[in-house]
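Comments concern the structure below.
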Amino acid sequence: MLPEGTQKEQIVVDLEPGSEWRFESEADENIAIRVLSHEPVFINSEELPLATWYPIHRYTKGAIYSPTQARVEVTSLPASQYTSTSTIHPQLLNVHLALERTRLLARRYLLSSITNAEGIQRGPRVMVMGPPSSGKTTIVKNLVNLALSSGMGWTVGVGGLDPSSPSNLIPGTLSLSTPSHPIPTHHLAHPFGSPPTSTPSNTLSADIPTIGWWLGGLEPSNKNAEVWKALVDRMGQEWNKRCETDKTALASGLIMDTSSAFTNPLLATKKDDPKARYTLVSQAVDAFDIDTILVIGHEKLHIDLSRLPSLQSKGVNVVRIPKSGGVVDLDDQARELVHSFQIRSYFYGEPPLPIEISNLMGKMVGIDGSLNPYSFQIGWETLVVLRVGEENSAPSSALPLGSSRTLSPTRLTRVDPSGPAHVVRLLNTVLAIVDIKPEDRIKSDKKPKIEEVKTEGEEIEGQEEEEEEEDMEEVPFVEEIGTREVLGFIVITAIDAQKKKYTILSPSPGKLPSTVAIAGSIEWVDSA
């Protein structure tokens, strides 16, 4: 605390026209920013409100951009901060203007049936690609905020095909969201805004309607390629359904973030077609009817995609844009920290503001409050835990000699919690809850057996145990539920083998919306 009668020295950052102030906050660095001049100042193309404190939590990396000369007050200077006139905002603005023109022509056609020379009948559908730490998520966020700030009432779709950096859900998720106002940048847990919660939201909180699909891994691979394709096809179908009933969404278009694994040309290439390249890229283009691909700074990737026959036949425009000089390379430790923040914020809500920020004099932008998760126990037989994909089945080497696997690549496997811990891998595992309908259940072919009453209790008990083991191994649901949109997420925090019960952490109290959950490889231990 400062001594009474003293004031903290004011820290002011002067921005030249077309420059940006870049910062990288560390573990103990929470800052707040306030615009002092009347000229507009932006963070990820969201205009900062005048004379209002804008909090930014620790570990956040970003840049404040000013197209004209401006002054910004900062509560404290991070250890790593500097001003640069090298910015890609002019290029982003050019991309935005081209996309905005397409939206306007599409709206005129959809609402007034006014045709145009280019034959544009719907809004732009853009996919952003690039190597790791190239700024893909930042580019997507800027383009979305530019569209939402235009005042035209757009409802741009945001596609998240990067499970390591999900839109606003848990890592391992693919998502579709439709923000209606610019997305803020308060902390690293929600790159595309926060998901809807049970607490009241405010106009600046980015409470965004979102639907998600559970991959259960941080990136597509050859092992989960078929599951990935099924999920992307599902996402494309849902987006097309939305556009069929919502002309504004159809005219607004879609901007999609992608995994850095997409830059691998041999990813998901099958043995029967060894010359295929960028298989997952072509599949995503087909699923969402992508018309433009933005490649960030990767010259070879730009050339490869421009020559890809599957994209040429569809007339997809491949455009290369420069990589920002302010992009920060993240190591594995930094990525794990981000993932932990994202999972924790799903259960506990926004991190609290430190006292030195919350007690600032003057107006403060509204942010979401904290949540109160709920922990309870549930029986093994009540919560059905499944895994999706061929990688969870028995290895091919275990098959009889000369035989081949005929299992579906999206088959379901039930997890037996009584098995070895290193095999089951359920403790601290994130589970995705899926909705189950009556028609999803598979009727058992077992017929009830009528037997004479046994007098030896041990024999009867042994029979019951065998039947129980058989029931635990069965998957009484159709495969389709494994690639269905999820209802929410829980975490198994403890396993009681004696009582045969899980202890789970749920984001809200009350009964689970479904007792069928999908497990993946995402684990989380609350260390905060």
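Note that Cβ sites are derived from N, Cα and C of the backbone, with glycine treated the same way.
Unlike curated records, TrEMBL annotations are generated automatically.
If you check TrEMBL, you get these features:
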type: BINDING; residues: Glu20, Lys61, Ser133, Ser134, Gly135, Lys136, Thr137, Thr138; note: ATP binding site
type: COMPBIAS; residues: 445-457; note: compositional bias 'Basic and acidic residues'
type: COMPBIAS; residues: 458-474; note: compositional bias 'Acidic residues'
type: DOMAIN; residues: 15-104; note: domain 'Clp1 N-terminal'
type: DOMAIN; residues: 130-349; note: domain 'Clp1 P-loop'
type: DOMAIN; residues: 371-526; note: domain 'Clp1 C-terminal'
type: REGION; residues: 445-474; note: region 'Disordered'
| note | Given the binding-site residues Ser133, Ser134, Thr137, Thr138, the candidate whose Cβ has the fewest other Cβ atoms within 10 Å is Ser133
| message | Restricting to the chain of Glu20 (ATP binding site) and a gap of 6 or more, list residues whose Cβ falls under 8 Å of its Cβ, or answer none. | response | Ala63, Ile64, Tyr65, Ser66, Thr83, Ser84, Thr87, His89, Gly326
| Widest Cα span across the ATP binders Glu20, Lys61, Ser133, Ser134, Gly135, Lys136, Thr137, Thr138, in Å? | 19
| request: Just name the winner among Lys61, Lys136 (the binding-site residues) by count of other CB atoms within 10 A of its CB. | output: Lys136
| field | Cβ neighbours within the same chain of Gly135 (ATP binding site) - under 8 Å, at least six residues apart | value | Ile296, Lys323, Ser324, Val327
